[in-house]
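One structure is given here, and the rest of the page talks about it.
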Amino acid sequence: MKSPLKLYFLPYISPGHMIPLSEMARLFANQGHHVTIITTTSNATLLQKYTTATLSLHLIPLPTKEAGLPDGLENFISVNDLETAGKLYYALSLLQPVIEEFITSNPPDCIVSDMFYPWTADLASQLQVPRMVFHAACIFAMCMKESMRGPDAPHLKVSSDYELFEVKGLPDPVFMTRAQLPDYVRTPNGYTQLMEMWREAEKKSYGVMVNNFYELDPAYTEHYSKIMGHKVWNIGPAAQILHRGSGDKIERVHKAVVGENQCLSWLDTKEPNSVFYVCFGSAIRFPDDQLYEIASALESSGAQFIWAVLGKDSDNSDSNSDSEWLPAGFEEKMKETGRGMIIRGWAPQVLILDHPSVGGFMTHCGWNSTIEGVSAGVGMVTWPLYAEQFYNEKLITQVLKIGVEAGVEEWNLWVDVGRKLVKREKIEAAIRAVMGEAGVEMRRKAKELSVKAKKAVQDGGSSHRNLMALIEDLQRIRDDKMSKVAN
């Protein structure tokens with residue numbers, strides 16, 4: 001039996017990146033390999049409960065003072081403006097020499113780092129160990145990004161931001177508009193240069209690891225491997241492996257503001273596929289007028305629902321009175337009739353989605369939420385906002401055909417979400433399309449994918465085989481290196 005590997009995991013300090021990569025780290029630790037997650041002091045509190053005999057944390061103080069940040073602000077979930085985001089990014093860059101020193105003085109057998117740490121590719125090369133790139137996205141989205149590069153990119157051939165174009169060269173016909181592309185794709189800027197730097201660092205790396213399963217987008221895994229010249233390991237959905245018990249589902253990295261019993265007792269009273277779940281991830285705070293439109297659409301749709309709303313808890317000093325974002329008597333009426341539940345803060349999303357009464361999900365199309373929706377087998381209403389979320393929308397609606405669009409027309413920076421209102425009529429129509437008779441076929445396809453997701457993570461499933469194959473590859477590389485040193 002080969003000796004265990006020594007692996008370092010370096011997650012980006014944002015929930016959408018930290019949660020899936022820490023879950024990936026746990027998969028390796030559960031196989032008996034020695035895993036160290038490198039993170040900052042405040043972020044360690046989110047991960048401490050996952051430490052075991054084979055999973056430890058290495059803590060590095062973030063130089064917040066040098067970056068002009070308040071003590072304890074160490075995660076992008078706490079950032080609401082571009083100036084603070086820039087300071088946090090700068091503070092993170094100051095950690096590079098400290099992390100390099102730690103890794104160099106205690107070399108691992110492999111470095112698994114988020115794409116936002118391109119310098120780890122050169123560090124791994126110096127240490128003669130493989131670097132695995134972690135993308136907090138799916139390979140379909142990565143293929144879409146590749147299609148938007150170069151002088152022949154399809155968005156360069158249209159005459160307006162709202163003219164529909166086909167993304168050529170993909171396994172499926174995919175259509176979108178220029179307005180739905182990230183700003184750094186539409187008009188190259190400094191971030192475009194960063195994207196190219198991250199891409200070059202990826203090409204130097206051993207391969208790519210994603211929280212997905214091969215059967216979801218197999219043609220895109222092969223397509224991307226051919227473009228980039230290295231292998232893709234789909235080893236998810238990690239939540240399906242790690243959070244099979246309801247205790248795990250309700251307490252992931254962040255603490256939910258409602259208890260398991262409160263959620264389950266309400267959901268248990270509902271018919272199968274009758275509840276619509278609304279949540280826009282860990283960072284989205286819509287303006288009041290957009291929240292009002294969502295509430296009005298939920299009310300007029302007739303659907304039973306759970307709605308998770310950030311920034312509207314009673315302790316939030318920026319929160320206006322409920323009359324600013326809810327129709328008069330809305331919450332009281334929903335409670336009295338049992339039609340709806342509003343969760344003001346972090347919701348136990350996996351627990352909710354996995355309940356048989358939930359049949360639909362309105363999502364911002366962040367990859368973690370998307371793969372959780374797929375795993376649960378629910379139809380989706382897509383409401384992309386920024387990052388690669390419009391690409392994920394096209395996967396859901398055009399390739400997998402398990403959802404409908406809410407009607408969001410423009411990509412925005414995360415600080416500008418809700419600038420262009422999506423009206424209640426569009427929202428209501430999308431909810432009815434997923435939850436009504438028209439959504440039966442969508443939900444059927446979603447259930448089929450859910451079955452495939454669960455099979456993928458079982459012993460002998462594609463994700464389990466990929467995990468074991470990657471471990472074998474890394475052990476072979478380590479053993480070959482040791483043999484050369486010995487000779």
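Please read every residue number as a count from 1 along the shown chain.
Including glycine, each Cβ sits where the backbone N, Cα and C put it.
These features come from Swiss-Prot:
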type     : residues                                                       : note
ACT_SITE : His17                                                          : active site, proton acceptor
ACT_SITE : Asp114                                                         : active site, charge relay
BINDING  : Ser282, Trp346, Ala347, His364, Asn368, Ser369, Glu372, Tyr386 : UDP binding site
*State, in Å as a whole number, the widest CA to CA span among the UDP-binding residues Ser282, Trp346, Ala347, His364, Asn368, Ser369, Glu372, Tyr386 given in the record.*
21
*According to DSSP, which of helix, strand or coil covers His364 (UDP binding site)?*
coil
_binding-site residues clustered about His17 (active site, proton acceptor) [Cα within 10 Å; pool: Trp346, Ala347, His364, Glu372, Tyr386]_ = none
_Please report the Cα separation of Trp346 (UDP binding site) and Asp114 (active site, charge relay) in Å, rounded to an integer._
24
_If you count other CB atoms within 10 A of each CB, which of Asp114, Glu372 wins among these recorded positions?_
Glu372
*Are there residues of the same chain, six or more positions away from Tyr386 (UDP binding site), whose CB falls under 8 angstroms from its CB, and which are they?*
Pro182, Trp411, Asn412, Leu413, Trp414, Val417
*Which residues does Ala347 (UDP binding site) neighbour through Cβ under 8 Å, counting only same-chain ones at least six apart?*
Ala256, Val257, Val258, Cys279, Ile306, Ala308
*Cα distance, Asp114 (active site, charge relay) to Ser369 (UDP binding site), nearest Å?*
18
*By CA-CA distance, flag whichever of Ser282, His364, Asn368 among the binding-site residues is nearest to the residue listed as 'active site, charge relay'.*
Asn368
*Count, for each of the recorded positions His17, His364, the other C-beta atoms lying within 10 angstroms of its own C-beta, and report the residue with the smallest count.*
His17
